[in-house]
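Heads up, the thing below is written out as structure tokens.
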Amino acid sequence: MLNEFPIFDYEDIQLIPNKCVIKSRAEADTSVTLGNHTFKLPVVPANMQTILDENVAEQLAKGGYFYIMHRFDEAGRIPFIKRMHNQGLIASISVGVKDYEYDFVRQLKTDAPEYITIDIAHGHADSVISMIQHIKKELPDTFVIAGNVGTPEAVRELENAGADATKVGIGPGKVCITKVKTGFGTGGWQLAALRWCVKAARKPIIADGGIRTHGDIAKSIRFGASMIMIGSLFAGHIESPGKTIEVDGEQFKEYYGSASQYQKGAYKNVEGKRILLPAKGHLQDTLTEMEQDLQSAISYAGGRQVADLKHVDYVIVKNSIWNGDASH
């Protein structure tokens, strides 16, 4: 039962250092393998319209990073797969569970993407299970990611249906208001939910949401994530598709949730909101900084590679590390 587990989130945890065994953090290997491909970092930008478009997806793939294209340009998905494959790049797309998506999946047989993410706010659903089974039947070589979920039962069911990885996180994101609108979710205890779900998993888990700092990436790996999906830290870059807005002479970028009225174009079943983020520099600068910070984390863990972070000890500090020092 969940009540037997300690409940905590990212800011409540500090990892405990081990003796360093490498001469320089540059020796630390941050690469991870998901399915048949290896990527430079265990992170993936959230598949949201204000985070990535086709150009950003292409930039990420060319750089050796994992990406998941959002599902909000439905007609553009097949041309996108062709565009990527024509350049020798992997194609990674998202689908929903509506009836017409079944026909869409059948159309992919001639040029199947390497990765498909079934992208639903509440992924522990019969509709998701039947879509997993459909994709696995039609495209047996495609790696299927399914989500989002927040319980071990959900992880087990989606894995048993054929999912190759599950995405854990119900509403912990910065622009997600599921917890406010519905009373449900993993907001405020996302890291504990990840730990709980990992115990049931036989396949990779993608932690999705609640990442506020680069150190949270290392913490996610410690608690069992194979890959970490990140929204707000990847939003607001020069390349980001969000609108640039000027307020009192300062540049901001628009960032909104996937179930917001801004994305839906209608105010119904809204579980996302819009915020403005100060405009950042280039996306590659953030990726490089994430890589360097993760290399430092691996060196603190006394390791040489990402998996070594899984074995460090930790302490639950309940917010004390941030007290009086919001600058971090």
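Note: Cβ is positioned from N, Cα and C throughout, glycine not excepted.
Secondary structure from DSSP puts Cys176 (active site, thioimidate intermediate) in a beta strand. As annotated by Swiss-Prot, active site, thioimidate intermediate applies to Cys176, with the evidence given as sequence analysis.
In sequence order, Pro42, Val43, Ile211, Ile228, Ile230, Met290, Asp293, Leu294, Ala297 are the residues of the chain that are 6 or more apart from Ile217 (NADP(+) binding site) and have a CB within less than 8 Å of its CB. According to its DSSP assignment, Ile217 (NADP(+) binding site) is helical. What Swiss-Prot records for 205-228 is NADP(+) binding site, and it gives sequence analysis as the kind of evidence.
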> Least buried of the binding-site residues Ile205, Ile211, going by other Cβ atoms within 10 Å?
Replying inline: Ile205
> Sequence gap of 6 or more, C-beta under 8 Å: which same-chain residues meet both conditions with respect to Ser226 (NADP(+) binding site)?
Replying inline: Val32, Leu34, Pro42, Ala165, Pro204, Ile205, Ile206
>> Just to confirm: which same-chain residues, 6+ apart in sequence, have a Cβ under 8 Å from the Cβ of Phe223 (NADP(+) binding site)?
In response: Leu191, Leu194, Arg195, Val198, Ala207
> To the nearest whole angstrom, what is the C-alpha distance linking Cys176 (active site, thioimidate intermediate) and His214 (NADP(+) binding site)?
Replying inline: 20
